[in-house]
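Below: the structure, in structure tokens.
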């Protein structure tokens with residue numbers, strides 16, 4: 001993307017500072033390593049008591065620049081230093097691929113460590129985390145900064161050691177899961193993650209935007225009747241288009257009146273929306289989503305009788321990840337593979353809410369400007385476009401638009417064939433495995449050798465990308481296209497025009513298109529890019545516009561079918577409009593996810609704060625007597641103050657509180673006593689029993705029981721919130737705002753959760769036996 005006025009103003013301001021850093025080249029040239037480490041210690045100490053000035057920044061950057069020159073032989077250029085200064089301001093730096101973001105990261109991490117902050121560097125996958133830790137980590141270590149790699153599968157001792165480092169490399173999911181696991185431990189000493197000071201996110205658009213739709217979940221197996229999925233599958237397979245309505249770009253499908261009648265008859269229920277039919281309704285809707293909204297080889301792939309999610313933005317399969325809330329089971333039933341048990345959520349957080357907990361956040365990527373509004377609205381981060389060190393020498397052509405996919409396919413083969421014959425390497429980008437395999441078949445038929453990269457063979461990704469710049473190489477890839485890895489050109493390829501990139505479809509996001517184009521023309525290399533699309537592509541097929549439908553019909557009816565592309569400004573405008581609308585729809589989905597998660601986020605913070613206090617104090621924050629009194633007063637009210645229809649519930653609660661406990665007064669006697677008298681008897685008896693224990697023993701017992709009950713009830717509460725979220729759209733569609741209903745009913749569920757674990761804690765207090773143990 002081009003710079004706007006604000007970008008140019010910021011870049012101009014920092015260009016002068018960057019030039020001064022370069023001028024300091026000789027400042028540390030003659031120092032030994034020990035002397036450089038002394039400088040590091042000097043700056044660390046200084047900023048414990050004093051603020052950092054621009055002059056300080058210049059000297060610190062110059063120190064890191066000298067170390068990088070010695071250890072990895074790279075001298076940071078002015079634009080890399082500008083980018084690092086932008087990152088230091090808590091912004092997103094958009095820097096073209098191949099311009100040296102990895103080296104740029106060194107400077108902002110080093111300066112944040114000098115400020116006294118712990119730094120987390122987040123990458124898209126563990127391979128990149130390991131690679132960057134080895135390359136830049138050695139420079140930081142040369143300067144006396146400790147560096148660690150946060151990997152999955154480590155034990156608590158190993159994790160604790162990692163989190164003592166100044167700089168930690170890892171993936172978003174691993175840092176997020178460490179946070180969730182920390183809030184499930186039973187002892188303070190088992191927590192591993194230290195403070196969330198500063199995070200630098202590589203491929204920020206991928207992590208903060210693309211991955212934001214999938215929350216992080218820690219779960220276990222949930223018992224349920226899996227046969228319902230197979231039964232519902234039979235119903236949905238028989239459904240006709242007249243039975244349901246659908247908005248595919250919003251990922252929403254629902255039954256119309258005919259469909260409701262058919263489903264009620266199938267399940268044998270009077271009303272599908274009655275409380276008794278909630279399971280049947282839920283699973284029917286899940287199977288409808290699986291059949292009508294989730295597409296094989298686009299949203300998921302079936303490998304070795306297992307359904308694997310495909311990341312829509314990279315094209316990679318995601319082993320171990322499952323769609324939540326029963327959707328994965330529905331897809332398994334649809335595909336006729338084993339339906340595995342649904343998981344029960346133990347802890348969850350969205351990527352958005354995890355990273356918003358950091359005191360400071362920065363990001364770097366090759367494509368972010370198109371999503372600046374989202375970065376600003378959700379993360380309070382501006383996007384600044386960093387100029388390239390060398391002029392981009394890639395020729396970007398206007399789209400070729402064809403009437404049909406068949407015509408497009410023929411044109412792609414012709415385009416690739418003549419480039420192949422002259423030896424120019426070509427990268428063909430597709431948006432799905434299905435389209436990837438279709439183009440591959442056309443190339444095979446034309447006798448053009450090529451290598452294929454998609455979710456089915458992602459294990460060979462590094463090897464395939466390494467060969468993509470060789471003379472005469474044709475590479476066919478889904479969106480992944482080796483992001484994070486350079487395509488290096490053979491020396492004799494430059495004179496052939498560099499790497500040619502052919503896009504076979506416009507994606508839902510312009511950003512993904514820019515990423516594909518950015519594979520070519522790196523670091524001043526020559527290159528070429530062009531999109532070859534058709535009126536039958538998914539982007540236009542799902543674009544809902546009456547004016548477009550008329551134009552499309554007119555073009556298909558009147559235009560000559562000679563296989564040549566259509567040059568129409570109107571069609572180009574429609575493509576851009578369709579992308580913008582879908583970007584807006586996807587942004588709304590992510591905002592919607594965040595809005596719903598903010599309800600849980602507030603509740604989660606309250607629960608985790610109470611847990612932390614329990615672990616810190618090693619005893620209850622309030623007296624057990626106070627909790628017992630509140631529960632008893634709530635449970636024992638004069639019958640005349642209770643509505644007649646609630647009397648049965650009232651007596652049941654009393655029986656549940658006292659039943660099976662050591663409380664010496666029988667329930668028959670209790671019913672003859674005044675409520676206030678019962679409360680005082682309960683509290684005084686508990687006080688007498690409690691005093692029989694050593695103070696430390698009873699405090700430990702109460703803490704353990706309270707923590708255990710709170711954790712158990714929290715899991716049940718999360719499950720209830722999931723059920724509420726699923727049902728709220730079904731009940732509210734076309735009526736009241738579902739988010740408002742969710743907020744209101746979610747707050748009521750949270751109050752119930754708090755009341756429940758206090759109630760069962762009070763019950764446990766009345767189970768204290770003479771030996772100091774709690775029964776049950």
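We count from 1, first residue shown onward.
Just so you know, glycine gets a Cβ as well, placed from its N, Cα and C.
Owing to the predicted nature of the structure, the values given are computational and were not obtained by experimental measurement.
Feature annotation from Swiss-Prot assigns ATP binding site to 80, 98, 99, 100, 101, 102, 486.
Mapped onto this structure are the features recorded in Swiss-Prot.
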| residue | record | Cβ within 10 Å |
| --- | --- | --- |
| 80 | ATP binding site | 27 |
| 98 | ATP binding site | 20 |
| 99 | ATP binding site | 21 |
| 100 | ATP binding site | 17 |
| 101 | ATP binding site | 24 |
| 102 | ATP binding site | 19 |
| 486 | ATP binding site | 15 |
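Largest Cα-Cα distance over the residues recorded as binding ATP, namely 80, 98, 99, 100, 101, 102, 486, equals 17 Å. According to DSSP, residue 98 (ATP binding site) sits in a coil region rather than a helix or strand. Excluding 80, 98, 99, 100, 101, 102, 486, which define the ATP site, the same chain contributes 95, 97, 103, 104 within 8 Å (Cβ to the Cβ centroid), listed in sequence order.
A coil conformation is recorded for residue 486 (ATP binding site) in the three-state DSSP classification, outside any helix or strand.
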